[in-house]
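Encoded as structure tokens, the structure appears first; notes follow it.
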Amino acid sequence: MKSGRFIGVMSGTSLDGVDVVLATIDEHRVAQLASLSWPIPVSLKQAVLDICQGQQLTLSQFGQLDTQLGRLFADAVNALLKEQNLQARDIVAIGCHGQAVWHEPTGVAPHTLQIGDNNQIVARTGITVVGDFRRRDIALGGQGAPLVPAFHHALLAHSTERRMVLNIGGIANLSLLIPGQPVGGYDTGPGNMLMDAWIWRQAGKPYDKDAEWARAGKVILPLLQNMLSDPYFSQPAPKSTGREYFNYGWLERHLRHFPGVDPRDVQATLAELTAVTISEQVLLSGGCERLMVCGGGSRNPLLMARLAALLPGTEVTTTDAVGISGDDMEALAFAWLAWRTLAGLPGNLPSVTGASQETVLGAIFPANP
């Protein structure tokens with residue numbers, strides 16, 4: 001069974017940077033050693049945003065974007081190796097999620113697409129890469145997402161305490177770690193995505209630092225109710241979503257009924273949308289004693305305060321409190337999934353994704369010996 005140093009690479013739907021994590025992994029433990037966040041050039045970020053919202057590309061443009069993202073991920077890995085004074089031979093493999101650009105797990109031909117050419121990463125780092133983690137699960141009838149609940153269960157499940165892990169990235173997803181029950185998990189809806197998109201358009205800021213804009217505004221209740229009527233929120237699990245659904249166009253369609261509103265009030269309403277849709281799903285799933293939050297949203301003081309207020313009797317904390325950096329959780333999970341793949345172990349949970357069976361995930365891109 002392969003064990004040793006692994007690197008996880010994650011570029012999420014929030015597009016706030018490439019997260020790279022170095023960890024030692026074996027069958028008994030996952031020990032994080034180092035991490036860094038690598039910036040995404042504005043031009044690349046905009047290209048990804050455009051394709052996620054349905055802008056048409058030529059095959060040439062699509063191929064160039066795939067190559068550029070692969071090079072970006074390789075640069076991020078090499079920066080971490082240099083910082084840690086490590087060589088390619090010191091790393092067993094890289095687990096790279098890729099950049100999600102489309103996710104459509106239902107319909108006549110279900111599919112999901114994460115780009116960033118893994119061959120570029122192998123060529124530029126000299127390290128074996130495991131990628132394309134989601135499509136095997138979809139081929140077996142699953143949603144292909146979320147995949148991180150399996151990792152949350154391995155690290156954070158408790159024998160008697162009802163726990164849930166909440167990742168608030170661009171999309172928010174919930175892992176249900178309830179003693180005596182199969183692991184559950186699904187996307188609750190928008191996390192930071194709509195909040196980030198709004199303040200980017202209104203103020204040219206990548207995100208609402210310390211929720212300053214949202215805290216200066218007031219929730220527009222009719223707008224909130226209008227957004228909460230979206231059928232995704234009442235759809236039963238298993239379910240997953242992404243930027244191709246909850247994007248700026250989605251927000252604009254709801255705002256048409258509310259002309260002339262204060263931009264800060266919209267920001268406050270979007271924060272409340274995220275908090276309400278998460279808390280409703282926690283309660284509908286039977287509630288928990290401890291909700292452990294990770295991802296960029298765990299740094300949003302307004303979101304954390306609203307979750308605590310909407311979930312009385314639940315201890316709302318961050319995964320940092322149990323020794324796992326909330327900023328690095330997803331990248332660490334894909335390092336672990338790479339280890340599972342090389343060990344020939346399944347990486348999905350049918351109770352989460354709805355797949356017909358457990359399966360080894362991903363494709364292996366071997367480095368030269």
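Cβ atoms here come from the backbone N, Cα and C positions, even for glycine.
In the three-state DSSP scheme, Leu15 (ATP binding site) is classed as coil. Sequence-distant neighbours of Leu15 (ATP binding site) (same chain, 6+ apart, CB under 8 A from its CB) are Ile40, Lys45, Val48, Leu49, Gly170. Positions annotated as ATP binding site by Swiss-Prot: Gly12, Thr13, Ser14, Leu15, Asp16, Gly17, Val18, Asp19.
Close to Ser14 (ATP binding site) in the fold, though at least 6 residues off in sequence, lie Gly169, Gly170, Gly191, Asn192, Met193, Asp196, Tyr207, Gly296, each with a CB less than 8 Å from its CB. Sequence-distant neighbours of Val18 (ATP binding site): residues of the same chain at least 6 apart with a C-beta under 8 Å from its C-beta are Val9, Met10, Ser11, Ser37, Trp38, Pro39, Ile40, Leu72, Phe73, Ala76. If you take the C-beta of Asp19 (ATP binding site) and look for same-chain residues 6 or more apart in sequence within under 8 angstroms, you find Gly8, Val9, Met10, Ser11, Gly12, Ser35, Ser37, Trp38, Asp327, Asp328, Glu330, Ala331. Ranking the binding-site residues Gly12, Gly17 by other CB atoms within 10 A of the CB puts Gly17 at the bottom. Asp16 (ATP binding site): 21 other CB atoms within 10 A of its CB, across all protein chains.
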